[in-house]
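Database features (TrEMBL):
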TRANSMEM  21-41  transmembrane segment
DOMAIN    28-477  domain 'Major facilitator superfamily (MFS) profile'
TRANSMEM  82-105  transmembrane segment
TRANSMEM  112-132  transmembrane segment
TRANSMEM  138-159  transmembrane segment
TRANSMEM  179-198  transmembrane segment
TRANSMEM  204-223  transmembrane segment
TRANSMEM  286-307  transmembrane segment
TRANSMEM  327-345  transmembrane segment
TRANSMEM  352-373  transmembrane segment
TRANSMEM  385-405  transmembrane segment
TRANSMEM  426-447  transmembrane segment
TRANSMEM  453-473  transmembrane segment
REGION    501-521  region 'Disordered'
COMPBIAS  509-521  compositional bias 'Basic and acidic residues'
Amino acid sequence: MAIGAFVDAPAGCSGGYSGRVTPFVVLTCIVAGSGGILFGYDLGISGGVTSMDSFLKTFFPEVYRHKQDSNVSNYCQFDSELLTVFTSSLYIAGLIATLFASFVTRRFGRRASMLIGGTVFIAGSAFGGAAVNVPMLLLNRILLGIGLGFTNQSIPLYLSEMAPPQYRGAINNGFELSISIGILIANILNYCVVKLAAGWGWRISLSMAAVPATFLTIGAIFLPETPSFIIQRDGDTDKARALLQKLRGTTSVQNELDDLVSASNLSRAARYPFRKIFKRKYRPQLAMVLLIPFFNQLTGINVMNFYAPVMFRTIGLKESASLLSSVVTRLCATFANIIAMLVVDRFGRRKLFLVGGIQMILSQLAVGAILAAEFKDNGLMDKDYAFLVLITMCVFVAGFAWSWGPLTFLVPTEICPLEIRSAGQSIVVAVVFLMTFVIGQTFLAVLCRIKSGTFFLFAAWICVMTLVVYLFLPETKKLPMEQMEQVWRGHWFWKKIVGEEGDKEEEEKERQEKKIDSPSS
């Protein structure tokens, strides 16, 4: 794994901290990061099984009939409300679950959320493999959504809090790498099982999600809690110091421990993190935890994640070829994830956001242009152009995989101070799930109606989000999370809100609130 390249790094550390990435950190992060495989596996598996004729005949016969009808537009063959409900119901369940997960993560710890998520995911996998009707399929999706709501809320927090600041980007990006590996495994499995003559290969695909879920659930039992949560929960600085020394590979952890204690004291004073995150001093963090995951889904990435096989079949590739094409695009994404882990702490977050954004804009424009010129309502696209679309999509997923993919989970966790960190991560996951649901529920209908214009629409959104990052997101690389406040005070826009004037206004509001709450008043 790429993290291993950092194990023997020098001890010098940003923020006055000492330490390196020890094998113990790598081991704990591999176990925790397996939750990303859960998310990725489910993203990849649904698109594959919905392109299988045997699955469609069993559960969605109307879609199968549309595929055989030459009078139905190529862009509309998979336009089925019931089919999109199957794909996107998971994300509504995840949206609701992550709100409860925030309380569990803050009150009972990151490990507790991982255990709950893994256990529910195992149950969901069983229903998927045994499904005989659509209600059982939907129950499968709902249980998986609940599991993902808990794991996606807790794992990025866990990784950020366990990692040394100078390598936090690389280690947290391991979560996105795990997602890519999960999608890749799902695509390879779909490609293999579609050839089973009995036509029940989709049952293997849906039930095998239990394997990474079991690994995470068992592993979470033995994982340590993060030093931040140990201090926050019971103030045991001796236990936190011992764990920090083991994690950092040095006894010189006092500076980091002092910052954790200070952050924990502030966190204890914040009884209502969801209310506190709306205060003026946290306005930059609130804006980013809303906008970054919102824009993440408007790149069109989940069109590739769970509709890639469907789309490749639509433009003329056969069942096996469409699944193999999905494997190729995911290999490109996985390679790009590894590159991101190697460069994110060297070049910073902003550069990756901007370069990846430009790469995705050009890719979406190219796909839209090819489809507009060569893909009509009836008949198949010439195979040369179909493979050109595949190559362009590989460029697109690579651009996402080393920029917006990993950074969507990294940046919000590192910019939020401890007192609002669980609330911030819940908002990130909730927005991701909400937007994934919206995209999943509407994409096939939009594709049917505006056809190739769908990809020009995605390109326009990527232009907007790249501009927002350029104007409003400061660089956060290598700065300890407990010292992140200074990046906002030095930013041309946010310093007007959180600078001295903002502090005075916030202090005045707090004084007024205390007067109102005082018994003497």
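Glycine is treated like the rest: Cβ placed from N, Cα and C.
Just so you know, TrEMBL annotations are computer predictions that nobody has curated.
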Chain residues in Cβ proximity to the transmembrane segment (21-41) (below 8 Å; excluding those fewer than six residues from its ends, i.e. six or more beyond): 1, 3-4, 6-7, 9, 114, 117-118, 121, 147-148, 151-152, 154-155, 158-159, 162-164, 167, 171, 174-186, 208-209, 212-213, 215-216, 219-220, 222-224, 246-249
The transmembrane segment (112-132) and the transmembrane segment (204-223) contact flag, 3+ Cβ pairs under 8 angstroms: yes
Per-region confidence, the domain 'Major facilitator superfamily (MFS) profile' (28-477) (mean pLDDT, whole number): 86
Maximum Cβ pairs under 8 Å to the transmembrane segment (426-447) - stretch from the list 82-105, 327-345, 385-405: 82-105
Any contact, the transmembrane segment (327-345) to the transmembrane segment (453-473), with at least 3 Cβ pairs under 8 A: no
Proximity verdict for the transmembrane segment (453-473) and the transmembrane segment (82-105), three or more C-beta pairs under 8 Å: no
Same-chain residues near the transmembrane segment (352-373), Cβ under 8 Å, at least 6 residues beyond its ends: 299-300, 315, 340, 343-344, 385, 388-389, 392-393, 395-396, 398-400, 402-404, 407, 451-456, 458-459, 462-463, 465-466, 469-470, 473
